[in-house]
Amino acid sequence: MSSVGIASASLWLRGPVKSALKGRWLSCEQMRRYGTKSAPAVRKGGHSKKARQAPSLPFVFGRHKQLTGPEFTRRTRIGNLSDKITKFEQLKLLPEVREVMMKVIASESVLNKSLDDEDCGLDDKRVAAFLGQVQPTPIQTAVIKKMAKTLMEPQLQVHMVAAETGSGKTMSYLMPLVDYLKQEEQAAGTEEGRARLGALRSLILVPTHELVEQVYMTLEKLQEPLQLKTFKLDRDTPYKDIVEAFKGRVDIMVTTPGKLRGLFKIRMLHRPDRILSQVRFAVVDEADTLMDQSWVQETYSCIKSLRDANHLVFCSASVPMEFEKAMNKLFPNLQVVASEKLHRINKHSNIKIINVALRPYNGSKMKALAQALYAIMKDGTSEGYEKRCVVFVNEADSVNSIVDTLRDKFGHDVHGLTGEHSLDDRLATIAPFMRSPPRIQDQVRPSELKKPQERRLPNSNIKVADSKDNGQRSVSSPLKVLVTTDVLSRGINFKGVKHVILYDVPAKSIDLVHRVGRTSRMNERGHVYIFVGKKGSAQAKGLNPVVKKNRPIQ
């Protein structure tokens, strides 16, 4: 919501109304009751109709407000930067960095429809063909432009990057990071000068080993074209590999706070404190997780080890109120770059509510799940490609029973994943979902069939093709299903996942934002199915208007 909207709302509240509300956000009913009655007279032609409309108020999901409201995003104004800057060439980056990073984006983008489940190198013709369509996202434009102004200045600069899921945040911090490293090399001049840059030059901290793997897959693509040494420190990294890596030079390392602190326990490693003191650029990704009560001591201990850092970047898709308070207390000079779409569900997400308390489900979520998966298979979309669906549950104990039922009773290609699985199992399970969907050669194409009649599934707003379409075969696509908990709701860049099912309604608004954010990434269209019962159905049904009106979740 704009600052003009806030000011207008404040002017509308007069006398006892303003004092009674004590500065709280108004509900829609309160706005209808008080807003228009106390509105000042508008001269003819003095204000547009749009200016007189009530501001877009946050939608409180759950029992309590958790996320920061629109006042947080007003700390920095991205404004119309994305309208003025539409090409990476307009941003201040070294030419070699710009060229390589654009190729990386083209090789990973969910918008590049020519990609399939095969690994794609930067010199692949499919990458070259897509380069003309690669443009900076609003958050990338804002972050690169802001950091470029003082990128090489020696004092500590602390930034917070906050933007909606699927907006390109990883590249928004990677581009300044890589640009910093290459400019530092240029300033060092000779090979001898570059050798003195430090054993560890930059660091990326993430909360899970799945994210370590995901970020490292991107970093690997930078090694050869930019001559950068990248390294991942995860649960399975042998001690000898760690020691060997630091004998030379590591330009970028990605790890978790726990593994970083573990360096001090390796007797073979000489003076890990000295190694960490050489870091000049550090990123804390999924920062709201790494700075919450269960992680903050470990994370902050890592940060304090970086005694000579020039840049410290915190990156997050959600900003809880407690997180904002902690950051302001720890870093008084914090510079915020926040998207105006923060905490908003992507408008391309189609929210579908299924009341499992009603017939024909009669309280059976499993019946509703089987019906929803059937509808996804038969909806006639993703012609020629495998479909993917992620099912979120609240409790890890539910995963195995759901997987067994879907596989044994309904014959689905389904996989389950919780934090209790080993790292190797987790990585193997999510690997297909992190690659682009494969082509299906023998699929019946919808264009070859008569257009089927649509019917609505009972007690839901889901429409599917009628399988009784005059004896014609209904359109069906292979479907791969992943059942998981919130362990995979954050940061994972699922590719080709256009369907997300909330088997259990999350208790917290922050979990809702992250679960829904696994689809509709980079403004791609996606579908979200929410199962509700007698309780909570009214609030869940309010999500569709929230999405259409672009209201933030709080």
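Positions of Cβ are set from backbone N, Cα and C atoms, glycine also.
What you are looking at is a predicted structure, and each value in this text was computed from that prediction instead of being measured.
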Key: Range among 119-140, 163-184, 207-228, 251-272 that Swiss-Prot annotates as motif 'Q motif'   = 119-140
Ask   = Which stretch, out of 21-24, 81-84, 285-288, 297-300, is listed as motif 'DEAD box' by Swiss-Prot?
value = 285-288
Task = Taking the recorded ATP site as ALA163, GLU164, THR165, GLY166, SER167, GLY168, LYS169, THR170, identify the other residues of that chain whose CB atom sits within 8 Å of the mean position of the site's CB atoms, giving them in sequence order.
result = THR137, ILE139, SER172, ALA317, SER339, ARG521
Other CB atoms within 10 A, centred on GLY166 (ATP binding site) = 22
Ask   = Hey, what's the Cβ neighbour count for LYS169 (ATP binding site) at 10 Å?
value = 24
Sparsest Cβ surroundings (other CB atoms within 10 Å) among the binding-site residues ALA163, GLU164, SER167, GLY168 = GLY168
Note = Ranked by how many other Cβ atoms lie within 10 Å of their Cβ, the binding-site residues THR165, THR170 are led by THR165
